[in-house]
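Colleague: My questions will all concern the structure given below.
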Ligand code: AMP
């Protein structure tokens, strides 16, 4: 157990832990949800009973409680060799993962204005693990880092330049850990190196984003200053006309409320009026629920438009890659999206699209398709574990 790596992922009201062995096999995972609410709860995967948390438990308490439970269940029997933290926003400061020290903590604090819901909770996870494991090297892995290669033409909004210079208003992009993993995995599946592989990576989960990766480098991506821009998502609208804010103000709806609705009550949930869950939406649509069918259509059409848009950043395309809960599991979304793009030469094999997990190595295009299309399971925890272990090794402390 000496070489275990702990991965900590603090969301706005959740905490996920994953423990890997030295060969990056997952030994255990656990999550706490509804943190800071009266019905906070936690559980370890594979263990029936929940882990008791006090009402309105904080991230700090949940972390301490779950680590104690890992120890009680003999899942963690010695100090981890390294700890990796997912940090949402690294601004323009962080182009790659870094070992955490006091200077890094204040730099992450400085980026908090750009991700007020996320960076403060990421920091509370970091502080809690530093208190529990003061001698274990800890690494921050940023969602934004992979996209720090975006050229100016892709990251600048057409806004007054001073907004960028004074306040950092620009596109940053997110899901970078997943998109970076796709670049490496797609190259491996295609028998190439990441540095010579160009893909369009569509990460479609509850949050959705798409990235153009040229020769291993992020050139354009759909999320922007915040993770609200771009594709239709579970509860997030993606792109809307910014004129909406003023229009709704004239109806008496304050900007803060518009922001809340765009983030929490829009997307698939807003369109369907039922659920943000794509699997449930597909079932509802199959039973003739028209708003759910419409929600799926808007989702797929927006995605198709963005796939087209991403082409502008590439010289050639080695593969279009689908990942995330929807991208990996919904043959219907993949089919309906690529039906819009026949003009570009994308064509799926119906059989491979439905059964790729059983009968192919993830390739789902037909023989006549102009481009390969891949389905690759994402594994952000694994990437964070590898980075944490690599940087901890570099300190010579493990
Ligand atoms: P993630 O955030 O990556 O866990 O993805 C969550 C999304 O994946 C939810 O909208 C799920 O409904 C969706 N999903 C998972 N499995 C399926 C499936 N078999 N068909 C359609 N959507 C799915």
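Using N, Cα and C of the backbone, Cβ positions are placed for all residues, glycine too.
According to TrEMBL, the protein has these features:
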ACT_SITE  143  active site, proton donor/acceptor
BINDING   9, 380  Mg(2+) binding site
BINDING   16, 203, 204, 205, 206, 207, 277, 278, 279, 325, 326, 327, 328, 329  ATP binding site
BINDING   86  substrate binding site
SITE      175  site 'Transition state stabilizer'
SITE      236  site 'Transition state stabilizer'
Colleague: As a check: which entries in 16, 86, 206, 277, 279, 326, the binding-site residues, place their Cβ less than 6 Å from an atom of ligand 1?
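Modeller: Among 16, 86, 206, 277, 279, 326, near ligand 1: 206, 277, 279, 326.
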Colleague: Helix, strand or coil by DSSP: which one applies to residue 277 (ATP binding site)?
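Modeller: The three-state answer is coil.
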Colleague: According to DSSP, folded down to helix, strand and coil, what is residue 326 (ATP binding site)?
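Modeller: Going by the DSSP assignment, residue 326 (ATP binding site) falls within a helical segment, counted as helix.
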Colleague: How many Å lie between the Cα of residue 175 (site 'Transition state stabilizer') and the Cα of residue 326 (ATP binding site)?
Modeller: 15
Colleague: Would you identify which of the recorded positions 16, 86, 175, 236, 279 has the most other C-beta atoms lying within 10 angstroms of its C-beta?
Modeller: 175
Colleague: Starting from the Cβ of residue 328 (ATP binding site), draw a 10 Å sphere and report how many other Cβ atoms land inside it.
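Modeller: Its Cβ shell of radius 10 Å holds 19 other Cβ atoms.
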Colleague: What three-state secondary structure does DSSP assign to residue 380 (Mg(2+) binding site)?
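Modeller: Residue 380 (Mg(2+) binding site) sits in a helix per DSSP.
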Colleague: Binding-site residues 16, 86, 326: which have a Cα within 10 Å of residue 380 (Mg(2+) binding site)?
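Modeller: If one measures from the Cα of residue 380 (Mg(2+) binding site), the binding-site residues that come within 10 Å are 86.
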Colleague: Measuring C-alpha to C-alpha, could you say which of the binding-site residues 16, 206, 277, 326 are within 10 Å of the residue listed as 'active site, proton donor/acceptor'?
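Modeller: Of 16, 206, 277, 326, within range: none.
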Colleague: Restricting the comparison to the recorded positions 9, 86, 236, which residue's C-alpha is spatially nearest the C-alpha of residue 16 (ATP binding site)?
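Modeller: Given the candidates 9, 86, 236, the nearest one is 9.
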Colleague: By CA distance, which of the recorded positions (9, 86, 236) lies nearest to residue 326 (ATP binding site)?
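Modeller: Among 9, 86, 236, 236.
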Colleague: Which of the recorded positions 9, 86, 236 has its Cα closest in space to the Cα of residue 204 (ATP binding site)?
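Modeller: Nearest listed residue in space: 236.
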Colleague: According to DSSP, which kind of secondary structure is the residue listed as 'substrate binding site' found in, if we only use helix, strand and coil?
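Modeller: The residue in question, the residue listed as 'substrate binding site', is strand (DSSP, three-state).
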Colleague: Which residues in the same chain, at least 6 apart in sequence, have a Cβ under 8 Å from the Cβ of residue 277 (ATP binding site)?
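Modeller: Those within reach of residue 277 (ATP binding site), by Cβ under 8 Å and sequence separation of 6 or more, are 234, 268.
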